[in-house]
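All remarks here apply to the structure that follows.
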């Protein structure tokens, strides 16, 4: 008797024939499997079989009907520890403890026989941390095929042209074509028309990591710009650099404004002062009389890492319900979100209402700077609120401008305690989610889009977030040898589309950044807890989509009727009105 083959599509987009033991992507190979007891923090011990591939850890329970318990990409794992020893006597006290980057911890109990624990520990460690074992990331062996090529989404020249650049005040320079000026910047940069390439080299010598002030965005009406860079190398002695001072003046004059150039330093004042001791610093009034400087009080990567750790403690595995508000407050997570959003609002408002050009930097210009420029651009430019526009924003302000994804996430690296790790990009996506909650019709993408981006920030299934810079990605031939996350998303856009989206051009969005308007993103941070009833999809969204489908069906049927009528009555006046026009005349807002 032939067995019925049922194909199931899992949440991560994998197609799985149910008569196979585990789902597999093209290029994914099984490495080992073992009987374990999964110490589920919600339902107690579960007997199961764990399968490990070169991409995922997959657990199925063995009692009753096999139910999938876990499906975890190995890139999500940050730490693997052995628990218990040969003398462990307590039930289920011998096994593995796995810490994940997505708020989860996993514990597996194993039988104390042979080398069962050592074998699984070694396999997991090898494939979860390929960089530490001279192995390729899974993205380089992934053989998936998609109808869209996500690498085509972002073309820097096309994006600058969309903004109306170059023009008589701003030019495109290829001085960094081979990354000789700055190895963490993209190859193509937009700079003031009146600054020569020689000027840029002199300025680079005075900016941390050679990250000179370059244009991110230009306001279509005011011509005021958002510039980004790193801190000036002032040092304890208060060094000055005439070329840097003149360059900032050229930026100020480029939009025809004679008012001061506004500099937003993302750091707390005290930190910026402390940076002088290590050769950094900030633009002092004496050296830059035509600039005004504001500190935005956003803390550094170490503070953010500790804040997320505290958040994890109160949401996983159990939600701290008895003192929830005070527990949440003690993590300072929403406070940091508030400060990032507040800073971005100031940048956006200065450019739009204040009609003044702004320069944004932190220490090196790849963490807080990226948060501020990209959020301000999202507030000012409705294009970035579309699915493809947001992809362009991430490619441009984060990926090409050298946010250190490899260092901040620790892709494939076993050094879990590395001080470079920090949830900077997660904070940015959280801020975007806060905005989408406050403006539910302004974004073409839905919450699932944001969660999918975060899941694949860690998964290593795509090349999108691998490595620290464009220079390194080119060296590793990432666009030739791996797939883009945008290929997955753009091949099934309907899944990530917000049905309430209402296209509004050139409307600036200023979210309210007060604590009472910000909330914890439960569907992301607490999604693993089965007691937090996640309604996916949202019932209102579901009903709205049903009504839209109904409307489309009515339009189709009207068109069919009209075609039939027109063929019967040759000179019918009905042809002057299209079905969609007829519907729009009687349209009601659902």
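For all residues, glycine too, the Cβ spot is worked out from N, Cα and C.
Going by TrEMBL, these are the annotated features:
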BINDING   300, 301, 362, 363, 364, 365, 366, 367, 368  substrate binding site
ACT_SITE  362  active site, phosphocysteine intermediate
REGION    566-590  region 'Disordered'
COMPBIAS  567-584  compositional bias 'Low complexity'
(request) Around the recorded substrate site, report the further residues of that chain (criterion: Cβ within 8 Å of the mean position of the Cβ atoms of 300, 301, 362, 363, 364, 365, 366, 367, 368; site residues excluded), sequence-ordered. (result) 266, 369, 424
(message) Same chain only, sequence gap of 6 or more: which residues have a CB within under 8 Å of the CB of residue 368 (substrate binding site)?
(response) 266, 267, 296, 298, 340, 343, 362, 424
(message) Applying a 10 Å Cβ distance cut-off over all chains shown, what neighbour count does residue 300 (substrate binding site) have?
(response) 17
(request) List the residues of the same chain that sit at least 6 positions away from residue 366 (substrate binding site) in sequence and have their Cβ under 8 Å from its Cβ, in sequence order, or write 'none'. (result) 184, 211, 401, 402, 403, 404
(request) Count the Cβ atoms, other than its own, that fall within 10 Å of the Cβ of residue 362 (substrate binding site), considering every protein chain shown. (result) 28
(request) Could you tell me the maximum Cα-Cα distance in Å between the residues recorded as binding substrate, namely 300, 301, 362, 363, 364, 365, 366, 367, 368, rounded to a whole number? (result) 12
(message) Validating a neighbour-count step here. Other CB atoms within 10 A of the CB of residue 364 (substrate binding site): how many?
(response) 19
